[in-house]
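*Asks:* Sharing a structure with you now.
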Amino acid sequence: MCGIVGAVAQRNVQGILLEGLKRLEYRGYDSAGLAVLGRDGRLSRRRALGKVAALEARLAEFPLAGHSGIAHTRWATHGRPSEENAHPHQSGDRLAVVHNGIIENHEILRGELEAAGYGFASETDTEVIAHLIEREAREGDLLQAVRRVLARLDGAYALGVIHADEPDVVIGARKGSPLVVGVGIEEAFLASDPLALLQVTDRFIYLEEGDVVRLSPGGRVEVLDAAGTAVERPVQTFEHGDGAASKGDYRHFMLKEIHEQPAVIAAALEGRLGERSVLVESFGPDAEALFARVKQIHLVACGTSYHAGMVARYWLERYAGVPVQVEVASEYRYRRVVVPEDTLFVTLSQSGETADTLAALRFAKELGYLGSLAICNVPGSSLVRESDLTLMTQAGPEIGVASTKAFTTQLVALTLLTLALGRVRGQDADEQATLVEALRRLPGQVARVLALDPAIEALSAAFAEKYHALFLGRGAHFPVALEGALKLKEISYIHAEAYPAGELKHGPLALVDGEMPVIAVAPNDELLEKLKSNLQEVRARGGELFVFADEQVALADGEGVRVLRLPHVEDALAPILYTVPLQLLAYHVAVLKGTDVDQPRNLAKSVTVE
Ligand code: G6P
């Protein structure tokens, strides 16, 4: 998704902006650009189609110099990926704008501007913003000009604006798309994500919806809220450190993040477990009273987070006795939802900025829920700020577009929610104590699964030449199979589908032959025998089977059957453990195929548009 960087500094900002763009590459994009203002008020811009490296090469040949500037990575929405459509967009040679989001009324505005004599150089919705601000700024005061224009925009945006008449100023604004201010020493910065600025500061102001900000020399930061009133927003220190944004010794961020799972799962549990039960207080002081009233849960999310929600439904119904409905946010928000009395609304999101999930939360607030809980990985994100209760997943920054550690820590957070609800609703104390004990063992078991990496890598060769793959699971492992299929298609571009194994004979069996590898998730649970029969159905049709099974299960390698054994784990936690080999399998297949593992084509880390 588009990324914004801006700076007003004591030095040439080109390097800061370029480094910021590199750090935002993980969000997914197709072109990049940068504009700076010289002290003499001269506006200069460079843009390039493709990777930030292409922009960097252009800047090496034609460098820019200026103490204020804005930069952008674009993920095409209006208009194809091209240099003309890349940001910053200019109006004349004095004003430049970068924009993340979608302006819904851009056609009407474009018509109005064309009638007034403005020419358009791109197909983007953003260019209307540039011309509108240029027109308003003729009356002086860039910040007020921006505010007048914002009042005319329908849709979502984060903006960065520079103007030759105010050469040491950058204006930022946000509504519906994230934007933070980096507070430096006598310098100030703007970015879509704190990670973009960790090389220059670890202190951030998280702008609120409707805020407009002026950065000016000496590190001056002035924030106006949606009503135009000057406000002080708190400065928060970013706690994850900059190390999280580097690959270390790993070839890809995704591999590093897969291997971080034992540590981050331990972090997600820290301070949340008592001796024999979960600490309900870790959800906040109001949690206990609220949880005692919960009769139903509606769980809403997108992508990988949605799969976490699907797993949680099995847990919440089995251990807490609470009926759960799970839905993708983009469907939920447009449905006439009936909310039974005392229903808790839960959102799941690694980024906390997914447009559909955020819109679902805002929609839900009008529907009479008991309250809202966000399970999220990014402190200070919009979802966290707008929810009644929050549970942070503590995975640290995740850079690979394909979510791995964010997913498994979401599952951990969801087991904690299950136990917290179970506890206030009278779950058997011994059952709770067994699960708490199993949670404590989980990081070690995940580490044992990671040690199987070479064996999983060896399996990957069987997939690299295939066009399709089928994933099977039963019960809570059906969503795990869905997640395995999603990982494979996201990064290796192999078409993969997942089915509850019992559905095989109702359709997908027709596809099974020697060219269709079938991956089965086979923990030692009550559905194992049924799963084994489903696997026979595959073998009988010549399908090649790859089975991830419990070490205690009597399943043997044979012709067309490869079995990989995982440590035995408490039933309830098996979905977390069995996710890990599927992540590794997708990773190794993608590496063999030579795809861009951390930034797969057409995808974005955080989808901040609808
Ligand atoms: C994008 C990402 C996925 C993610 C989904 C939901 O599609 O590429 O990895 O699962 O958004 O994101 P969220 O931040 O809400 O979990």
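The backbone N, Cα and C atoms fix where each Cβ goes, glycine too.
What TrEMBL says about a protein is an automatic prediction, not a curated fact.
Got these off TrEMBL a minute ago, pasting:
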ACT_SITE  Cys2  active site, nucleophile
DOMAIN    2-218  domain 'Glutamine amidotransferase type-2'
DOMAIN    287-427  domain 'SIS'
DOMAIN    459-600  domain 'SIS'
ACT_SITE  Lys605  active site, for Fru-6P isomerization activity
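For the listed features, I'd like the structural context: burial, neighbours, distances.
*Replies:* Mapped onto three states, the DSSP output places Cys2 (active site, nucleophile) in coil.
Cβ environment of Lys605 (active site, for Fru-6P isomerization activity): Met1, Tyr26, Arg27, Gly28, Ser351, Glu398, Ile399, Val401 lie under 8 Å away, each six or more residues apart in the same chain.
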*Asks:* Which state, by DSSP, holds Lys605 (active site, for Fru-6P isomerization activity): helix, strand or coil?
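*Replies:* Note: Lys605 (active site, for Fru-6P isomerization activity) is coil by DSSP, not helix or strand.
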*Asks:* Please list, for the domain 'SIS' (459-600), how many residues fall into helix, strand and coil according to DSSP.
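*Replies:* Secondary-structure breakdown of the domain 'SIS' (459-600): 68 helix, 30 strand, 44 coil.
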